[in-house]
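Pasting the feature list from Swiss-Prot:
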ACT_SITE  Tyr134  active site
ACT_SITE  Asp135  active site
ACT_SITE  His171  active site
REGION    1-295  region 'SIR2'
REGION    56-111  region 'Inter-dimer interaction'
REGION    296-548  region 'MID'
REGION    549-1005  region 'CTD'
SITE      Lys31  site 'Interaction with the phage SPR tail tube monomeric protein'
SITE      Glu32  site 'Interaction with the phage SPR tail tube monomeric protein'
SITE      Thr52  site 'Interaction with the phage SPR tail tube monomeric protein'
SITE      Met204  site 'Interaction with the phage SPR tail tube monomeric protein'
SITE      Thr206  site 'Interaction with the phage SPR tail tube monomeric protein'
SITE      Leu495  site 'Interaction with the phage SPR tail tube monomeric protein'
SITE      Phe576  site 'Interaction with phage SPR tail tube monomeric protein'
SITE      Ile918  site 'Interaction with phage SPR tail tube monomeric protein'
SITE      Trp919  site 'Interaction with phage SPbeta DSAD1'
SITE      Leu922  site 'Interaction with phage SPR tail tube monomeric protein'
SITE      Tyr962  site 'Interaction with phage SPR tail tube monomeric protein'
SITE      Leu966  site 'Interaction with phage SPR tail tube monomeric protein'
Amino acid sequence: MVKVDLESKRYGEKLKEVFLMLDNNVVECIKEITESSRNGKLVFFVGAGVSTLSDYPQWWRLVDKYHEELYGSPKKGNYSSDEYLRIPQIFYNVKGEMAFDGILKDFFQVDKPTNPIHDKILAMNPAHVITTNYDNLIDTACWKRGKYFSVISAEEDVANATSSRYLLKVHGDFRKGFKGENVVLKEDDYLNYDQNYPLISNLMKTIIATHTIVFIGYGLGDYNINMLLNWVRKLQKDSFHKPFFIRTDPSPIENETLIYYENKGLRIIDAASLIDSNEYDYLERYSAVMDLLIESQENKFITKDDEVIDYIYGKISPLFALQYIRKIDLKHVFEYDYHFEVNGTVVRHKNKGFGYMERFFELKESCDERSKLSKKQYERFNALFNFFEKNGVICMAKDAGTLNTSIEINSLAYHGKYDVMKKFIEEQSVSIEDDYKKAFFLACLGRWEESYDLYSNIILNSIDESNGCVYYLSQINRYRIYQSITQAVTQFNGLGLLTFGRHYKPFTDEFLARIEREMTNFNIDDLFNGMPFEFQKKYKILEFLSDNQFLYDDTVKLFELTNKVRSEMSEGSYSFGMSSDIVVLLRLYDNLRFLYENCLWSVSFHEFHQYIRNSMSLLIEKAEYERTRDIDELGFSFFGKKSGFFMEYYDFVNISRHFKIDDIKNLERSCSIDKIRFGEQEKIEEYLVGIAEEITKQFSANGMNVVFYTQFISEAKAALYFAKYVKLSEEGLGKIVKALLFYFPERDLDIGKRYVWLERLTKCNELPKSIISIIDDFLVLQAEKHIDQNYSEVSSNGLYSRDYGALIKHFEKNFISKRLSEITLCLTQDKQKQIDFLFKLLPLLSTNAKSHLLSFKSVENINDLMNGIRIGLIDEFTPEHEELIIEYLETRKVNYIVEKEKGIQTFSSNDYMSTFGIWYFLEEINNSKMEEFIGMDDQYDFFVDPENFDYKKFIPSWLKNYNDKLLGKIAGNKHMKHHVIEVLKERVKNSNDKRYLEILMNYFI
């Protein structure tokens, strides 16, 4: 090796020159040590030589003292390794414990300062420090630098450790007094070490087996070093990770000696081979090595383009096995030298050395500079270029202009391509990666038992193939499938009878018993730390998956961004640069793409759905704010127009997949979704049609997969509900309406809810004739069902087939149903169920059919009256009609008294009291007896006697159901107006429901 005069140049430049002239083996040693430091796997094993730099008493002098007390004089010549242990043992046996302890106290009761090497050791950020020294110098250095380690020098300290970092004093110390029982010194102490210190011994062995060890402060002939080296080799066995040894002898090591120790598994960094120094200047030699390590840790020795490419490639190439990575996780790969922003820009952070990422992007922009790279480096550069491009890493932030960040997820599962997934599963696997993808697709298709078993096989096969990445991800996915299965079993046991009409068991008892046995005591939190060291080093960014709260950091960040966005909204401020809502959007899609493209199972977990819901809700809330706020001069000057937010395909899918119907309703109450532009409508339609076709397939055939059904049906309901805002082709709309009316399970959407979904679809699409024909087919089917005298339509919202007829008439006033008319013309008096049903659809019938039907039907009860009004058969109330209403109210009053006595105070969905109250208020009914029925229904009372009504009982949501005529009449009523205005003001202030503001502004102000 070439020596450099350290006195000739500035120290930093000298170190760089030393580094550039180092032997390649030493360079690799330095790189590996600094890499271990960055990965939290570095352990320094500190010997007496480091304490000697602080003038702490040396061990051989203590042995000399014992020898002199025994034999009257110091030993002539050097002690052998055995004598270092035997002489203290002889003294203890001959002179006794008290004399032995007395010499210890006299010898070691000193106060010495720490030295620079203690600080330099800690500057390398070791995970643990192990030492055979008795002193407290390293303890003191830790406290000075704010590094907290649990000091363990006795057995009881192990259980009382308060930090995950240990300062392990394997030979004890004198914190509990200068007694031989507190330290390892004499021969018996060494021979009985494992027996006397089992906890410390096991802890040390565990650390040694899983970390990179650097010995410092020892001599190659030291008894401790030979014993410890044998331990390391024994513990690490086949995966023996050769420890490092910092040698600080004055003269360079002989080549034969170097080879000898390398064959024993010790990698030596020889200070004397690096620098010329005074024979007695051990501090300078220690410092030379430690400073090289520290400077290398800060990338100060990277200068050439080849080194830049090699360094980045070494960090990134293990990640080529992943289909996508989250940009924010790259900071872990580069030890926080840079931050990788979600918009694809890179920001220098902790890097104090050469700007290697800056240089990479300079090479990216310069063909001339790239052409100077060697063939190997050019290939590596292209591999890195492709990796960064695929993962959306674009440029340094300082060089970024206007960025158009595109969003693209290439997962079949994300896009709901179920048929393509099934086809892939049936094909022959070429690699273990194919099997891994198949297991994920099986899970997405609800075939969880098959998925679990395939993951189990992959785990075994990946061990044989040494494919750590597939092994780790399969372990995580298998565990999460297991969680999904246990949740499903609980759900089916508790709700299966209500949902499916019977207790449904999608998994056999044998399978459940087996997976319970296999997963008992499996702790996902321990998975990453249990992986081989090399895997942990390469895939640090995957550690967060080995955690039940793997979205925790993003959830916290989302909370911060939510507060920031809402603060901006409340203050009316403008964001410059990348706004908080854009950060939310990009982080959201980074997470989605990472999870889906790497086939990570997470879609059945509440936390994941909640994270998506919160993110999307925030984006829409911000868009509503941007749409409705006034643009001031600043806005015109800098922006010129309001927010350009629009709903893309991916946004639509995320809302469909992760929002419940109530969540969408909440959005609609707080934001004008209809004012948001919906882009990529063809892609959205393809997605919606795919859902419709899947519903049709699932419920056209026997043997429906109930597990798939439970995870798919919520998405289907939300997607078709949210489709209100999408302009569809007539063909696509037809497929959706058919699936909705003929194939959607009654238990999920009864006839009333299906009407709501259908009516919403007309907002952007109206009701083309082809769709009217589909609805007509549906009504014919319903008419045929009513042949059964026991059949009744089930509705949870008071909407029935009659409302479908009204919807048709709204869009096609002259529509006549030929088939319904034919059924009607075939009616006979005994088919009363069909007569009642078709009476409600009277407007859709031909003139002859109407006449024929009315020959069987007259207005005989309140339901006939209400149906007659709905279908337009009754335009004005006759005295006979009012008598029917009064009879109904009298019956209702009697029932009310009985129900009240029984503790029942609710009305059925078919109760007409509030409707009759409204008609009385609008003077469509003038019967004075109406006031006799006050006290049964608050809404009825509000309209019949507004002057004396108790407005504490007024429910604001009533107003949202009233039409323009009724709201106008309320606003003109002197008894109602003031009270209603106060209620509306309170709702505007304390709720996000924009409808209250619209009612207040449009009718009352």
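Indices start at 1 and increase along the chain as displayed.
Backbone N, Cα and C define each Cβ position, glycine as well.
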Within 10 Å of the Cβ of Tyr134 (active site), how many other Cβ atoms can you find? Include all protein chains, please.
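Cβ-Cβ neighbours of Tyr134 (active site) within 10 Å number 24.
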Please give me the recorded positions out of Tyr134, Asp135, His171, Met204, Thr206, Leu966 that lie within 10 Å of Ile918 (site 'Interaction with phage SPR tail tube monomeric protein'), comparing Cα atoms only.
Leu966
Could you check which of the recorded sites Leu922, Tyr962, Leu966 is the closest Cα neighbour of Thr206 (site 'Interaction with the phage SPR tail tube monomeric protein')?
Tyr962
Using a 10 Å radius around its CB, how many other CB atoms surround Met204 (site 'Interaction with the phage SPR tail tube monomeric protein')?
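Taking all protein chains shown, Met204 (site 'Interaction with the phage SPR tail tube monomeric protein') has 22 Cβ neighbours within 10 Å.
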Just how many other Cβ atoms lie inside 10 Å of the Cβ on Glu32 (site 'Interaction with the phage SPR tail tube monomeric protein')?
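Glu32 (site 'Interaction with the phage SPR tail tube monomeric protein') is surrounded by 17 other Cβ atoms within 10 Å.
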Between Leu966 (site 'Interaction with phage SPR tail tube monomeric protein') and Glu32 (site 'Interaction with the phage SPR tail tube monomeric protein'), what is the CA-CA distance rounded to a whole number of Å?
80
Let me make sure I understand the structure: which of the recorded sites listed (Ile918, Leu922, Leu966) has the fewest other Cβ atoms within 10 A of its Cβ?
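Across Ile918, Leu922, Leu966, these recorded sites, the one with fewest Cβ atoms within 10 Å is Leu922.
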Would you mind ranking the recorded sites Trp919, Tyr962 by how many other Cβ atoms sit within 10 Å of each Cβ and giving me the lowest?
Tyr962
Between Asp135 (active site) and Glu32 (site 'Interaction with the phage SPR tail tube monomeric protein'), find the distance joining the two CA atoms and give it rounded to the nearest Å.
29
Measure from the Cα of Thr52 (site 'Interaction with the phage SPR tail tube monomeric protein') to the Cα of every one of the recorded sites Glu32, Met204, Trp919, Leu922, then give the nearest.
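So, of the listed recorded sites, the one sitting closest to Thr52 (site 'Interaction with the phage SPR tail tube monomeric protein') is Met204.
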Counting only residues 6+ away in sequence within the same chain, which have a CB under 8 Å from the CB of His171 (active site)?
Thr131, Thr132, Asn133, Tyr134, Val183, Val184, Leu185
